[in-house]
Amino acid sequence: EGCCSNPPCRHTHPEVC
């Protein structure tokens with residue numbers, strides 16, 4: 001859920017995960 005489960009967002013904001 002959130003940025004971590006959205007591949008494009010996760011790639012853009014890896015620090016979130």
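Our numbering is plain: 1 for the first residue shown, then up by one each step along the chain.
Keep in mind that glycine also has a Cβ here, set from the backbone N, Cα and C atoms.
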Q) Do you know which of CYS3, CYS4 Swiss-Prot records in a disulfide with CYS17? A) CYS4
Q | Lowest local Cβ density (other Cβ within 10 Å) among disulfide-bonded residues: CYS3, CYS9, CYS17 | A | CYS17
(Q) For the C-alpha pair, I'd like the distance in angstrom between CYS17 (disulfide bond) and PRO8 (4-hydroxyproline), rounded off. (A) 13
**Q.** Fewest-neighbour residue among recorded positions, criterion Cβ within 10 Å, set CYS4, PRO8
**A.** PRO8
